[in-house]
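Novice: Handing you a structure now.
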Amino acid sequence: MSTPRIVVGVSGGVDSSVAAWKLAQQGEPIAGLFMQNWADDGSGDCRAEDDRRDAVAVCGVLGIPFHFRDFSGEYWSDVFEHFLAEYAAGRTPNPDVLCNREVKFKHFLDAAQALGAERIATGHYAQVAHRGGRWRLLRGADRGKDQSYFLHQLGQTQLAATLFPIGDLEKSTLRRIAQDAGLPTHAKKDSTGICFIGERDFREFLGRYLPARTGEIRDPQGQRIAEHPGVFYFTLGQREGLNIGGVRGRAAAPWYVVGKDVANNVLYVDQDRDSPLLQSRWLQSEQAHWVTGAPPARRFSCTAQTRYRQPDESCTVDVQDDGSVQVRFERPQRAVTPGQSLVLYDGEECLGGAVIAATDAPLERQLAGSSFSSEVVA
C-alpha cells in the first residue's frame, strides 16, 4: 500500500464523499479516514455504524484505502466535558467549534501525518487562500451551507495542511456530481444536530449528566407565571419547550426566554418576541482567536455573526489588552447569547472570533451583575 499524500476525513456523508472523489479525479494518492468521535450507548441515533459502512463503500468505489480511528476519548475530554461545564454555568456552548479545533483539525491531522500524509481534506463548505504571506480562511461558495463560522478557531498550522475540495461548489451541484459518479451517498440526507444527542430529546440527554432542579418562570416584573424543569435547558430567545399554558389576565400569545438567573434557578419570559430585554448593542468576549495570528488593528470595523447562518451585522471591534474583544453593533441585536461564538468577517474572509462572555442586554446584565460598560466602545 502506497503512502497517501492526502488523507480525507470520510464521514459517510455526501459532502466528504465528493471531496474524496474530486481529489481522486486529480490523481492524488489519497486515503480515507473515518473518525468515531462518540461512543454511542445504543440509546441515541448517532448512526455511527451506518455512517462507517457508507464511508467504507465510498472508499471502495473510489479504490482508495480506508482507515478508522476512535477519538471518542479525546472528544469526551476535549469537547464534551467543556459542553457540560458551560451548560452547568447557564451558558449555551457550541460544541462543533471546539470539535473542529480539538479533534478534526488536531487529532485527525496527527493521525493523517502518522500515516505519512502531507495534508488532510474534509467536506466542509469553506475555502483557503494564501495571501500577503498568510493563510486565509474564506467562506464557502454556497453561502447557505458556508461553515467558516464553525472553523474560525483554526490557525496557520492547520490551514497550511488543509484542503477543502468542495468549498467552491453549490450543494445542488455537489449532489449531481455524487450521482453521476455513482457514489453510494448521493441521496443521503444531511446530518443535523449534535451527533452525541442524535434524535434523542435534548432534556432527557442532558439530564443524564446534569441533574435538573425545577424552578419558577417569572415575567420581567417578577410575577410567577409557571414552572420550568431546569434553567440550563433553555437559551435566550427560545420559544419552544416552555409549556406555559393559559395564564389568567395574559394574552394567548407565545412566551420567549429573556433572562436566566442561574444562581436562583429562575427563568424570565416575555410575550414580546423582540422585547427590549433581548436587545444588545455591545458585547464582551473571552480571549479572541485570529486566523492569521493577529487582529487587523486594535480598533477596526467589520461584520459579525453571533449565531450560525445569521445575516452579517456591521460592527466596530476593540481589542483589549488581555486579548478579549469588545464589539459595538450598528443596530441592536436580538438574543446575543453568552457561550455562543462571535465570528468576525472582512467580506469573504473569516478573521477569527471568540466566545461571547457578556452583553448589555438589560435583564441579562442585571442578573449577571456585569460591570460591562458600553461607553468603552461608544
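Yeah, the Cβs are placed from backbone N, Cα and C, and that goes for glycine too.
The active site, nucleophile annotation in Swiss-Prot covers C99. Look at Swiss-Prot and you will find C195 tagged as active site, cysteine persulfide intermediate. For G9, V10, S11, G12, G13, V14, D15, S16, M35, G123, the entry in Swiss-Prot reads ATP binding site, with the evidence type sequence analysis. Per Swiss-Prot, disulfide bond is recorded for C99-C195. Per Swiss-Prot, site 'Interaction with tRNA' is recorded for H124, Q340.
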Novice: Take the C-alpha atoms of M35 (ATP binding site) and C99 (active site, nucleophile) and report the distance between them in angstrom, rounded.
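Specialist: Checking the Cα atoms of M35 (ATP binding site) and C99 (active site, nucleophile) gives a distance of 12 Å.
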Novice: Between the recorded positions C99, H124, Q340, which lies closest to G13 (ATP binding site), Cα to Cα?
Specialist: H124
Novice: Could you check which of the recorded positions C99, H124, Q340 is the closest Cα neighbour of S11 (ATP binding site)?
Specialist: H124
Novice: If you measure from the Cα of D15 (ATP binding site), which of the recorded positions C99, H124, Q340 is the nearest?
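Specialist: Going through C99, H124, Q340 one by one, the Cα closest to that of D15 (ATP binding site) is H124.
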Novice: Give the distance between the Cα atoms of the residue listed as 'active site, nucleophile' and H124 (site 'Interaction with tRNA'), rounded to the nearest whole Å.
Specialist: 13
Novice: Of all the recorded positions given, S11, Q340, which has the fewest Cβ neighbours within 10 Å once its own Cβ is left out?
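Specialist: Comparing Cβ neighbours within 10 Å for the recorded positions S11, Q340, Q340 has the fewest.
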Novice: Which secondary structure state does DSSP assign to the residue listed as 'active site, nucleophile', in the simple three-class scheme?
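Specialist: Looking at the DSSP assignment, the residue listed as 'active site, nucleophile' belongs to a helix.
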